[in-house]
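Student: When I checked Swiss-Prot for this same protein, it listed these features:
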CARBOHYD  N262  N-linked glycosylation site
REGION    362-381  region 'Disordered'
TOPO_DOM  1-40  topological domain 'Cytoplasmic'
TOPO_DOM  62-71  topological domain 'Lumenal'
TOPO_DOM  93-110  topological domain 'Cytoplasmic'
TOPO_DOM  128-134  topological domain 'Lumenal'
TOPO_DOM  152-160  topological domain 'Cytoplasmic'
TOPO_DOM  183-200  topological domain 'Lumenal'
TOPO_DOM  222-233  topological domain 'Cytoplasmic'
TOPO_DOM  255-274  topological domain 'Lumenal'
TOPO_DOM  296-303  topological domain 'Cytoplasmic'
TOPO_DOM  349-381  topological domain 'Cytoplasmic'
TRANSMEM  41-61  transmembrane segment
TRANSMEM  72-92  transmembrane segment
TRANSMEM  111-127  transmembrane segment
TRANSMEM  135-151  transmembrane segment
TRANSMEM  161-182  transmembrane segment
TRANSMEM  201-221  transmembrane segment
TRANSMEM  234-254  transmembrane segment
TRANSMEM  275-295  transmembrane segment
TRANSMEM  304-324  transmembrane segment
TRANSMEM  328-348  transmembrane segment
Amino acid sequence: MADDKKTNDYTVEMDKLDQGSKNFEAPLPPVQPRSAPNAQLANNPILPVLAYCGSSIMMTVMNKYVLSGTDFNLNFLLLCVQSIVCIVAIQTCKASKLITYRDFNADEAKKWFPITLLLIGMIYTGSKALQFLSIPVYTIFKNLTIILIAYGEVLWFGGSVTGLTLFSFGLMVLSSIIAAWADIKHAVESSGDATAKVSTLNAGYIWMLINCLCTSSYVLGMRKRIKLTNFKDFDTMFYNNLLSIPVLLVLTFLMEDWSSANITRNFPPADRNGIMFAMILSGLSSVFISYTSAWCVRVTSSTTYSMVGALNKLPIAVSGLIFFDAPVTFPSVSAIVVGFVSGIVYAVAKIKQNAKPKTGVLPTSNPVSASSQSMRDSLRS
């Protein structure tokens, strides 16, 4: 029957031809649809993984470049610029129909505002810690936040911690101890004022501790609040950045020095354009992280995304050794390796826990929204 149909498609009925014409056109064979090259490229799993890793590295390096300037002290201004850039970027993407999120609603904003305050505390303390610590040490210490979140889940949401997860936590603590010891050892043995260097490191560790507490509070609070609002990927990013702008503006004008001398010190004429470009690029990179993380989950899987997040710590830490003067010593490299292994073990523990029937779930066991993940990635990187 199928063969008859094929034959009929190409049969010319002679009695229906115009007798005065010697030419006729037979029906063309059906054209087989071909996938567009752009679609094939967009569904290539390697591309979103590389884009996600590159965005995370760019965010951390740009922030460190701005914050490592001589006596930079306008952290609230930096965060405000990043939020404004982010809002402009996602509004442009929404107008271009690249992404979608719900329109502003005053009632939803009121419910979400406490989470925004926790976010401001998280990103501000993260910027202060990154200002005093090297990128590798900062990346290693951010792992401790995972422990706080996990046990917060156990206390407030009925989560559970497996033996393999506990082992990864032990590796995280060990890597942090090695990193701190390597940092202090290098400060004492290097030339210059060792006391001042150790004092700077101690300030960084204090800010890092506060940041871990703020980050875990933000993540746990967001999980509870998101049930009331049912926010999705870019809804969270939109409200977080929009609501933080007025708060950051008030904080920068009230608490930071806006004298002409301090502005010149923070933005020296020789580096002014580079610093401003880095501030804008760091704001854009948060959008890139959010978009590429959602892309990565869509094209690959949440399991692959978890492993990419764990493996991503290594290139981020190495970027600090390449682009900045982070000490390259055996203890510092050992701390990076142990921290890297702890991330892999934790990712494997999450995957195994997801494969079992769930009586309780760790905070990052289920796929989280891309915007929430990007916020954590950008500041734990």
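Just so it is clear, glycine is given a Cβ too, placed from its N, Cα and C backbone atoms.
A description of the local structural setting of each listed feature is requested, covering burial, neighbours and distances.
Tutor: The secondary structure of N262 (N-linked glycosylation site), as reduced to three states from DSSP, is helical.
Through the fold, the topological domain 'Lumenal' (62-71) approaches residues 78, 127, 130-131, 135, 265-266, 268, 271, 274-275, 278-279, 281-282, 285, 320, 323-324 of its own chain, all at least 6 residues removed from its boundaries and within a Cβ separation under 8 Å.
Non-local neighbours of the topological domain 'Cytoplasmic' (93-110) in the same chain are 229, 232-235, 237-239, 242-243, 287, 291; each lies 6+ residues outside the stretch with a CB under 8 Å from one of its CB atoms.
Counting residues of the topological domain 'Lumenal' (128-134) by DSSP class, helix then strand then coil, yields 5 helix, 0 strand, 2 coil.
Within its own chain, the topological domain 'Lumenal' (183-200) has Cβ neighbours under 8 Å at 132-134, 137, 327, 329, 331-332, counting only residues six or more beyond its boundaries.
Under DSSP, the residues of the topological domain 'Cytoplasmic' (222-233) split into helix, strand and coil as follows: 9 helix, 0 strand, 3 coil.
Looking only at the topological domain 'Lumenal' (255-274), the predicted model's pLDDT averages out at 90.
Residues 63, 66, 99, 101, 120, 123-124, 127-128, 131, 234, 237-238, 241-242, 244-245, 248-249, 251-252, 255-257, 262, 266, 279-280, 282-284, 286-287 of the same chain sit 6 or more residues outside the transmembrane segment (72-92) yet have a Cβ under 8 Å from a Cβ within it.
A Cβ distance under 8 Å defines the sequence-distant neighbours of the transmembrane segment (135-151), meaning residues of its chain 6+ beyond its ends; these are 60-61, 64, 129, 159, 161, 165, 169, 172-173, 175-176, 179-180, 183, 204-205, 208, 211-213, 215-216, 219-220, 313, 316-321, 324, 326, 332, 335-336, 339, 342-343, 346, 362-364, 376, 379-381.
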Student: Considering only Cβ pairs under 8 Å, which range in 201-221, 275-295, 304-324, 328-348 makes the most contacts with the transmembrane segment (41-61)?
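Tutor: So the stretch in question is 275-295.
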Student: Does the transmembrane segment (201-221) come close to the transmembrane segment (111-127), meaning at least 3 CB pairs under 8 Å for residues 6 or more apart?
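Tutor: As far as Cβ distances go (cut-off 8 Å, pairs 6 or more apart), the transmembrane segment (111-127) and the transmembrane segment (201-221) touch.
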Student: Are there residues of the same chain, six or more positions away from N262 (N-linked glycosylation site), whose CB falls under 8 angstroms from its CB, and which are they?
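Tutor: Listed in sequence order: N73, L74.
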Student: Summarise the topological domain 'Cytoplasmic' (93-110) as counts of helix, strand and coil residues per DSSP.
Tutor: 8 helix, 0 strand, 10 coil
Student: Can you count helix, strand and coil residues in the topological domain 'Cytoplasmic' (152-160) using DSSP?
Tutor: 6 helix, 0 strand, 3 coil
